[in-house]
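Notes follow once the structure below has been shown.
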Amino acid sequence: MARASKREVSSDEAYSSEEEEQVNDQANVEEDDDELEAVARSAGSDEEDVAPDEAPVSDDEVVPVEDDAEEDEEDEEKAEISKREKARLKEMQKMKKQKIQQILDSQNASIDADMNNKGKGRIKYLLQQTELFAHFAKSDPSPSQKKGKGRGRHSSKLTEEEEDEECLKEEEGGIVGSGGTRLLTQPACIQGKLRDYQLAGLNWLIRLYENGINGILADEMGLGKTLQTISLLAYLHEYRGINGPHMVVAPKSTLGNWMNEIRRFCPVLRAVKFLGNPEERRHIREELLVAGKFDICVTSFEMAIKEKTTLRRFSWRYIIIDEAHRIKNENSLLSKTMRLFSTNYRLLITGTPLQNNLHELWALLNFLLPEVFSSAETFDEWFQISGENDQQEVVQQLHKVLRPFLLRRLKSDVEKGLPPKKETILKVGMSQMQKQYYKALLQKDLEVVNGGGERKRLLNIAMQLRKCCNHPYLFQGAEPGPPYTTGDHLVTNAGKMVLLDKLLPKLKDRDSRVLIFSQMTRLLDILEDYLMYRGYQYCRIDGNTGGDERDASIEAYNKPGSEKFVFLLSTRAGGLGINLATADVVILYDSDWNPQVDLQAQDRAHRIGQKKEVQVFRFCTENAIEAKVIERAYKKLALDALVIQQGRLAEQKTVNKDELLQMVRYGAEMVFSSKDSTITDEDIDRIIAKGEEATAELDAKMKKFTEDAIQFKMDDSADFYDFDDDNKDESKVDFKKIVSENWNDPPKRERKRNYSEVEYFKQTLRQGAPAKPKEPRIPRMPQLHDFQFFNIQRLTELYEKEVRYLMQAHQKTQMKDTIEVDEPEEVGDPLTAEEVEEKELLLEEGFSTWSRRDFNAFIRACEKYGRNDIKSIASEMEGKTEEEVERYAQVFQVRYKELNDYDRIIKNIERGEARISRKDEIMKAIGKKLDRYRNPWLELKIQYGQNKGKLYNEECDRFMICMVHKLGYGNWDELKAAFRTSPLFRFDWFVKSRTTQELARRCDTLIRLIEKENQEFDERERQARKEKKLSKSATPSKRPSGRQANESPSSLLKKRKQLSMDDYGKRRK
């Protein structure tokens, strides 16, 4: 049982009534929800009963008049009941919203009151820890300290009663502060068993809570910081009766792990994951993220910024920020957003050690205690170094400042039962292809490598060299194809792949499970092809993996009896918030510049729950840049420890130009000295043994480096990374001489003034060994995309035929020169002249100048304007003429099914064309309506029927329809601006305050009314024409009289003219 102080019991009694009220309100809301559902069902059944019977009644059936009257009365009665129920339902909905708002207001008021109370003893607690806080606390004097000055003993003007009251308060504070809660057992609502150091961490968090202090939980990765945090919230729930609300803000990749851990360890706490598309977030806001319905809100950094308006409605008990190093910059958008939320406590969680950077430390302290650490200038002045002797004192002061807020423990110190971790560096040579690319990269930027380039260019060379060390297929065009095939060439062309191919079968035989980390996502693609080729089952996570897919992969790998052997992870995306303790081998295919990132990757397996010894194999290409990258990472780890122990305030964060130059030059002599592969055929056990020896040598070297660094004095001009004697010897190597000796000059064109026939025949007829036949130049098939509409199938056939012929012809020549064969095998036929011409025509038919960007722009333009509006589509295309776009559109119309995802593309285009068609229909309907009026701005009338609203008047609707006809449907911003600038609505606040969405909804309502009116008008016109036609056919035609028949045509014509003139005169009058 937990031993709590009396103060804890009294606090429970103090808030019990308030908590009961909140629970009762919540129960009432839930009862109202059930009642609303029942009412909705009953109202729906009433409406079904009230609905008129649509079955036809026969003429023979006789319905009594009395029965009709009774049925009418029943219908009226049911309609009245339904109407009352609907009104009651509406009233209950209103009451429900009011109750929820009351709960939220009560909750926020309670949290705000606690916020005001917790600050009273905070400074006093901090001053008890160290006197340093007095310096910062003095900068913000309390009101009692701001009283006017006087002289003598009457200067304070403090009465005897006031002095007694202050003394009583101090005594009470001393009594209350003397006790403190210390749990001896974990909260009962926590499932599972807390380890001793985790229980100690929980007690540390409770002590911070009781003293009103925010803190940083910075235990090493894998020690269960998530569980300790959940245990704190469980303690508040069980012992303090505080159910929240709390908010956890974490990287998007860790949200699934947070939700799983809360459900697993403390299922009594109701957690809501606030993430998703706008529709999903709207549902969460309205149904789940409601006061009284949740305890913990788990969301990502991006959602906290995007939905800050929603989250600011709540006052939070605890805001917990995972991976808190993201807010070390106080000017970042995330840091500014997190400071906007109202909260009682803030808890930061980080697994990376805090560097002694003064400004970053101040940013964290300012976030934790803004009223104390309010000024960065004051902080910097207080810890300013005036000399070398003050260095140690300043570091001690920094540690004193951090002590009340920070808890950091290492696995080696607290987790004695955790199996050890063993790291081995496995070195491997380079293949012939790797050496070829490595040499070409150095020769390409010879000026930069000689020391004349900028740091940025050196970084680019270093990145390219590291790609070459990983696999040459990372360079475009290195892999043979298309068609691209999986085979032994994936392994033999890279030294690390040869090493991996030897290592994995050994690990498979001993029932180990493997995590493979790499920084390069494209390398994971190559590893994925390799695993499929060898038949190993695997999972994969990189930066493009979605949250649901990520959780499913982790679950599939960790489930009991899983057959997944390998897990491929990118170092950056897969190194955070993932528990893969079911694996016992970690392979670092390449090393990160920052060693902390590699440690995070290793801790995915070396964490609580691991039952086997964890083996870490770090691959390294010997005599290349990677050896220096790994050595620098080891030195940086040693320096990080030195920062904490010795207090180095100015640590080196980025590699400088000289270091980069040494790394790039390292091993160049070995690379240029030989073209052959340096991959050995040694057994994997022998390779591991040599790796252990190399790792032990490096550890001894780092130990000496640390001892030298401890004795080294602080000097701004010195470099921490200059403790390696090899670097000094290497700087003496003439790199330019090495490259020049192995440089292959390109052939030069020579022009000779005199031509000698004798010399020509001498050289021609000179006897000697026959020259070795050169390998044929294999034609390379250009990269063809589906949207370029080439005839890929036929082109592939022609290229394969040409390549096959050239290779067979070359092999035949080699066999003829080396082996005497009577009748060599027949060689396939080369391309005929017709096939060569066909190939050239096929290459011209496609759209080789169209890129993926052009294609996407074409699709978007088709969605916007429709496929037939070529002129508008061409206006959206950069660098394409209207003729080119028209030609592409014609081919697209016929061959769009050749695209990989043509169904999705066509659906998007058809959806856009439907919007255009609907827009045209709307504009025609409005035009038809306005054509019936001489001045529609004044005369336009809309037939509302019985559905006329009370918010918008007829003048507003008339103006809206006329402006839409003028501006076009969909231009809602322009419509809103027209309402605001029109003098008609100068004093109409309602109309001027409408949003574009509200105006669009009103306009759609009016358009439906106009379309209905147009249909009725067309129907009346059609009926009138039909009746006129029928009346004409029913009236007999009049025959001319005899006198008219006898008159001549000329006289009749004169009479008609006279009548028309008379009629015109009458009309003029």
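A Cβ is built for glycine as well, from the same backbone N, Cα and C atoms used for every other residue.
Here Swiss-Prot flags 1-93 (among others) as region 'Disordered'.
Per Swiss-Prot, region 'Disordered' is recorded for 136-168 (among others).
Look at Swiss-Prot and you will find 146-156 tagged as compositional bias 'Basic residues'.
Annotated domain 'Helicase ATP-binding' per Swiss-Prot: 206-371, in sequence order, evidence recorded as sequence analysis.
Cβ neighbours within 10 Å of Met221 (ATP binding site), excluding its own Cβ and spanning all shown chains: 21. The ATP binding site annotation in Swiss-Prot covers Asp219, Glu220, Met221, Gly222, Leu223, Gly224, Lys225, Thr226, and the record cites sequence analysis as its basis.
Annotation comment: Swiss-Prot describes 499-650 as domain 'Helicase C-terminal'.
Feature annotation from Swiss-Prot assigns domain 'SANT 1' to 845-897.
The domain 'SANT 2' annotation in Swiss-Prot covers 946-1007 and is backed by sequence analysis. Across the residues of the domain 'SANT 2' (946-1007), the predicted structure has a mean pLDDT of 85.
Per Swiss-Prot, the feature region 'Disordered' maps to 1016-1069 (among others).
Sequence annotations record features per position, and here Swiss-Prot assigns compositional bias 'Polar residues' to 1032-1051.
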Where does Leu223 (ATP binding site) sit in the DSSP three-state scheme?
-> coil
Sequence gap of 6 or more, C-beta under 8 Å: which same-chain residues meet both conditions with respect to Lys225 (ATP binding site)?
-> Leu217, Asp219, Ile349, Gly351
Output the one of Gly222, Gly224 that, of all these binding-site residues, has the highest number of other Cβ atoms within 10 Å of its Cβ.
-> Gly222
Non-local Cβ contacts of Glu220 (ATP binding site) (under 8 Å, 6 or more apart, same chain)?
-> Gly351, Arg408, Arg409, Leu410, Lys411, Asp603
Specify the count of other C-beta atoms within 10 Å of the C-beta of Thr226 (ATP binding site).
-> 23
